[in-house]
Amino acid sequence: MRSVPNYHHSFFIFLILILFLAFSVSPNTLSATESLTISSNKTIISPSQIFELGFFNPASSSRWYLGIWYKIIPIRTYVWVANRDNPLSSSNGTLKISGNNLVIFDQSDRPVWSTNITGGDVRSPVAAELLDNGNFLLRDSNNRLLWQSFDFPTDTLLAEMKLGWDQKTGFNRILRSWKTTDDPSSGEFSTKLETSEFPEFYICSKESILYRSGPWNGMRFSSVPGTIQVDYMVYNFTASKEEVTYSYRINKTNLYSRLYLNSAGLLQRLTWFETTQSWKQLWYSPKDLCDNYKVCGNFGYCDSNSLPNCYCIKGFKPVNEQAWDLRDGSAGCMRKTRLSCDGRDGFTRLKRMKLPDTTATIVDREIGLKVCKERCLEDCNCTAFANADIRNGGSGCVIWTREILDMRNYAKGGQDLYVRLAAAELEDKRIKNEKIIGSSIGVSILLLLSFVIFHFWKRKQKRSITIQTPNVDQVRSQDSLINDVVVSRRGYTSKEKKSEYLELPLLELEALATATNNFSNDNKLGQGGFGIVYKGRLLDGKEIAVKRLSKMSSQGTDEFMNEVRLIAKLQHINLVRLLGCCVDKGEKMLIYEYLENLSLDSHLFDQTRSSNLNWQKRFDIINGIARGLLYLHQDSRCRIIHRDLKASNVLLDKNMTPKISDFGMARIFGREETEANTRRVVGTYGYMSPEYAMDGIFSMKSDVFSFGVLLLEIISGKRNKGFYNSNRDLNLLGFVWRHWKEGNELEIVDPINIDSLSSKFPTHEILRCIQIGLLCVQERAEDRPVMSSVMVMLGSETTAIPQPKRPGFCIGRSPLEADSSSSTQRDDECTVNQITLSVIDAR
């Protein structure tokens, strides 16, 4: 009799086998017998599926890396890369455990990266595990930690991750930026914690310090806005014999926030917003001129809320008076009177300060300010002192023993700093107070006497005087405009009808004539609609650019007023710096910092010079212009619309850092103001937005349009005014749009970019820039992004970019543009500031 198979028994055995396999190999671990290969597309996922580890190749690169990214977030965001400086050259790569180490092998079975653990029992089995906080661990069979990725950060600090020093081993955990947004290899920027008596963070470019966080004051790093206390974020700073580290913890579930050093050197706090499905920038550093390291030199401090930005501490004077007058405070300040160190020295208190660089400090956390002051007076090297901890009214003592530098004053926040002064400087203060009291009594008597005399004179008046007031619509002469700007030899400038004084040095006409070789043609740098720009050299050797306004231009005087009023208020690394002005003998001149590499258009559209603009330089220029425009629109004290952004108005310094210039057509907007209307359209055709050129409506989105045109010009090396098809009906915008629609947009890229990159051609990065440029030049203003969004898109390859709509002014040439082409000026200089348009739709 034939037996019947026991299907139930077979199924039971099969089920047991499946369960055994499921539990024996966890998806968040890698055992000694397992491996990850690129070809298998296998990854390791953390228990709650927050993070994922695996191989990736950025954009269209052929290089492969082992990395960790957010799995729970739809936008691919990398937080750690293992072999960032040793990528796999092909898709044949393997991660496995070899001995006590994690090792990546290439196609020839050669190791390209390893955890490099030495010693230990190689016979003890080890396993790797990915945790929900993003940490990748290697443990032995006794659960002893052998290695963790948190000790080797790349460009991102996650929650529970430590940044700083392990004092026992001397190992320093630092953040280092990607080289570019598409290249994970080590970039030039780093963020690291320097150990001193009073530790603080630096952002460095190679070995040069760019930014200093200020020391930990018990609650936060004194100049880092991101350490403001919020209920869901807990910050921790530890300074002990074992470690000097900074970390943070998130108390709210399903909240993802990271500290990120981008490829442009900005340290950003980014938080994921589920509602918008995007990373939002909560803060970044460095942000303004005063964040730049030691911008005001020794014994000088910076104040971004006033002008000039650099000031000497009371009792000090500038080392270089002329450079100081020209707003270059880097030489710093020196004492007016030397310290006596005989017990008679005293202190001046500076409020709301970022404490100075702490490289040379002595810290005692057990004493208060009174004893701290006494110790400072006992030490002839002591230059200043302050509380070490601001909590509970302040405690502890920190003493500076060398020149103090890199200070700034805040409108809110900061802490008190006590700077040592000679007794003579303190005596001057006492004498001044006595003089003030005596003068007040004398002035009161004088005012009373003056009132009596004035009253008597008024009664003697026999006739009234009629003052003729000119019509406000009359064109004012150039001489009358001198009264609009009050400039004294002490360097104070005020706007008409306002009591606001702006520090602006006044230079003599004779001095400028000497500096420019009597305005020689050999010194001529360029010519615009309002005058000529000359190169000059002052007696101290400082090079300057002198903009001499044309006497024949009625609008040149308006431009002069506008430029003085606006640029004097602006301080940013990507904006040209106004050093002074000249109002003398009917002449009006503006004095700027001299920028060695002249304007962007002189490089971009010149066949010889353009060869020096490889893609990395062009990308840096794009980012710099975007940062400058973002500052104008969002971060400056007054919102400013430039209205004439173009290649010839972007200047380049010796390091090819771009600086936006020419603010003669700019307008100030209120914080709640979104757009304005004008009957006098000014700007340059080819860069003007449709709504501005046709209807006189301008806004921040008008500048965004100009930026988009400029971005596409930088990528293509072509002017927007040319025609780029056989029918001569497509300008640059139409040319790029057609190639975008056809899917062959890389054909618009300047061949120099391709030649300079060879095998490292960052296709994905360039495509992103083209797409961002098209977003900026969309026909409808409401469709264009704001500059803060542009910066995020430029700085992160993981940010989703919308599909662009049709650009404005992409086909043909307008009649007005045709008319303007008859000018004898070059196309890029042919502005429409001499044209007045009638706008029917008044708003």
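Note: Cβ is positioned from N, Cα and C throughout, glycine not excepted.
Look at Swiss-Prot and you will find 32-435 tagged as topological domain 'Extracellular'. Per Swiss-Prot, disulfide bond is recorded for Cys290-Cys302, Cys296-Cys310, Cys372-Cys397, Cys376-Cys382. Under the heading domain 'PAN', Swiss-Prot lists 341-422. Taken from Swiss-Prot, the feature transmembrane segment applies to 436-456, supported by sequence analysis. The topological domain 'Cytoplasmic' feature in Swiss-Prot is assigned to 457-843. Taken from Swiss-Prot, the feature ATP binding site covers Leu525, Gly526, Gln527, Gly528, Gly529, Phe530, Gly531, Ile532, Val533, Lys547. The annotation phosphoserine is assigned in Swiss-Prot to Ser553, Ser648, Ser661, Ser820. The active site, proton acceptor feature in Swiss-Prot is assigned to Asp644; the stated evidence is sequence analysis.
Cα-Cα distance from Cys296 (disulfide bond) to Val533 (ATP binding site): 28 Å (rounded to the nearest whole number). Neighbour counts of Cβ atoms within 10 Å were compared for the recorded positions Cys382, Leu525, and the top value is held by Cys382. Take the Cα of Ser661 (phosphoserine) and measure to each of the recorded positions Cys290, Cys382, Cys397, Gly531, Ser648: the nearest one is Ser648. For the topological domain 'Extracellular' (32-435), the model's pLDDT averages out at 90. When the recorded positions Cys372, Asp644, Ser648 are compared by Cα distance to Gln527 (ATP binding site), the shortest distance belongs to Ser648.
Within the set of recorded positions Cys290, Cys382, Val533, Asp644, Ser648, the entry lying nearest in space to Cys372 (disulfide bond) is Cys382 (CA atoms). Cys296 (disulfide bond): 30 other CB atoms within 10 A of its CB, across all protein chains.
Counting only the Cα atoms, the space from Asp644 (active site, proton acceptor) to Cys397 (disulfide bond) is about 52 angstrom. All protein chains included, Cys372 (disulfide bond) registers 22 other Cβ atoms within 10 Å of its own Cβ. Look at Val533 (ATP binding site): DSSP puts it in a strand. Distance from the CA of Cys310 (disulfide bond) to the CA of Cys302 (disulfide bond) is 5 Å. Within 10 Å (C-alpha to C-alpha) of Cys290 (disulfide bond) lie the following recorded positions from Cys310, Gly531, Val533, Ser648: Cys310. For Cys397 (disulfide bond), the same-chain residues that are 6 or more apart in sequence and have a Cβ closer than 8 Å to its Cβ are Val363, Asp364, Arg365, Ile367, Gly368, Leu369, Val371, Cys372, Arg375, Phe385, Ala386, Asn387, Ala388. Val533 (ATP binding site) sits 52 Å from Cys376 (disulfide bond), taking the C-alpha atoms as the reference points. Annotated pair Ser648 (phosphoserine) and Leu525 (ATP binding site), C-alpha to C-alpha distance, rounded: 12 Å. Cys376 (disulfide bond) counts 22 other C-beta atoms within 10 Å of its own C-beta, drawing on all protein chains shown.
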